[in-house]
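Take a look at this one; I'll ask things after.
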Amino acid sequence: MLVKPSIISGLVRLTSHSPSSSSSVLRRQEFLVRTLCGSPIIRAMSSTSEADAESVLRTVTPSLDLKRHKGQAGKIAVIGGCREYTGAPYFAAISALKIGADLSHVFCTKDAAPVIKSYSPELIVHPVLEESYSISQLSEEDKREVQDKVLGEVGKWMERFDCLVIGPGLGRDPFLLECVSIIMLLAKKSNVPFVIDGDGLFLVTNSIDLVHSYPLAVLTPNVNEYKRLVQKVLNCEVDEQNAEDQLRSLAKQIGGVTILRKGKSDLISNGETVKSVSIYGSPRRCGGQGDILSGGVAVFLSWAQQLKSDPESPSENPAILGCIAASGLLRKAASLAFTKHKRSTLTSDIIECLGESLEDICPAS
């Protein structure tokens, strides 16, 4: 259907000057504009695929209602955390809470658990994962028993979760990675979405079948992780001149998973469409921001999933919406934190700005 530019302009004016409209009507108007502006005809009129991150945030963020009960705003679980790395799983899990999830779990190794528990009493920490050194003296049969126990501990919680974050602080221990690969299969069997980051991407890059053709999988690679994915899957080098087309090809080759390529502009694709998010941002590149992003994607993806039961909800892929929303919010929070702290900005400063940033875009009252 040909959509006249005058119609688009009218809709934009309507959404910009309707303060008395109900929030539900306004959200439908905003989504209609986004949908039309993303149509093939309108895309041909524009050279950009920039997503309206703030509008997506307002669309997917649920309103606060006294009738809601604990858990309805999201139950997130982070699979990660070992002897060497305890900060990353904490950043991902606490970010999920700061954005608005009701419950946030961390499944980590026994060595990491006391440390992560000490960071915050808000997190539910499960010290159930095992590393090779702790079972090195066991027979193969006993090792399998340990693995079965680990999988049983995680599996009994699986269907309670709205989304998993797999990889922050995971490390590359062979036994641990083997257990996590089976956890991913359990999640797929239960249709639980998951976000893969950090060392989870190392695992997936070497075992693409773990995520292939699973539409509820999201990969969030940084520049080096993306390079390894491209080399492994497409058997070529990263092509910055055709970045969008290459990202689309990569996501399509992995069976339509959603990939959020982090960078100066975040690029997002599920093999069909490509969206970019470049608003806000910060020149401070302290470690841990990717963990905030993965926790945020998990929350917004779960919220977008909840919208699917609403006949007036957006029809776009929940994973795409989750990535756009999380990217936009992180960029705004990072910008705000940098304004306050400049060169001394840390990941913890950005986390403290998440609530303020979301409130500015999508007021709770």
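Glycine is no exception: its Cβ is also placed from the backbone N, Cα and C atoms.
Okay, so Swiss-Prot annotates it like this:
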BINDING   GLY169, ASN222, VAL223, ASN224, GLU225, TYR226, LYS227, ARG228, ASP291  (6S)-NADPHX binding site
BINDING   262-266, 281-290  ATP binding site
DOMAIN    53-361  domain 'YjeF C-terminal'
TRANSIT   1-43  transit peptide
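Surface or core, plus neighbours and distances: that's what I need for these features.
For GLY169 ((6S)-NADPHX binding site), the same-chain residues 6+ apart in sequence whose C-beta sits under 8 angstroms from its C-beta are GLY80, GLY81, CYS82, GLU84, TYR85, THR86, GLY87, ALA88, PRO89, CYS108, ALA112, GLY198, ASP199.
Annotation for ASP266 (ATP binding site): same-chain Cβ neighbours under 8 Å, separated by at least 6 residues, are LEU260, SER276, VAL277, SER278, CYS323, SER327, ARG331.
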When DSSP is mapped onto helix/strand/coil, what comes out for ASP266 (ATP binding site)?
strand
Could you tell me the C-alpha distance between GLY288 (ATP binding site) and VAL223 ((6S)-NADPHX binding site) in angstrom, no decimals?
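That comes out at 15 Å between the alpha carbons.
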Name the one residue among LYS262, LYS264, SER282, ARG284 whose Cα is closest in three-dimensional space to that of ASP291 ((6S)-NADPHX binding site); these are the binding-site residues.
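Smallest Cα separation from ASP291 ((6S)-NADPHX binding site) among LYS262, LYS264, SER282, ARG284: LYS262.
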I'd like to know which of these binding-site residues, LYS227, LYS262, LYS264, ARG284, is least surrounded, judged by other CB atoms within 10 A.
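Candidates: the binding-site residues LYS227, LYS262, LYS264, ARG284. Fewest Cβ atoms within 10 Å: LYS264.
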Can you figure out which of VAL223, GLU225, LYS227 (the binding-site residues) comes closest in space to SER282 (ATP binding site), comparing Cα atoms?
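That would be VAL223, nearest by Cα distance.
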Pick from VAL223, CYS286: which of these binding-site residues has the biggest number of other Cβ atoms within 10 Å of its Cβ?
CYS286
Sort out for me which one of GLU225, ASP291 has the most neighbouring CB atoms within 10 A, since those are the binding-site residues we care about.
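When each Cβ's neighbours within 10 Å are tallied, ASP291 tops the list.
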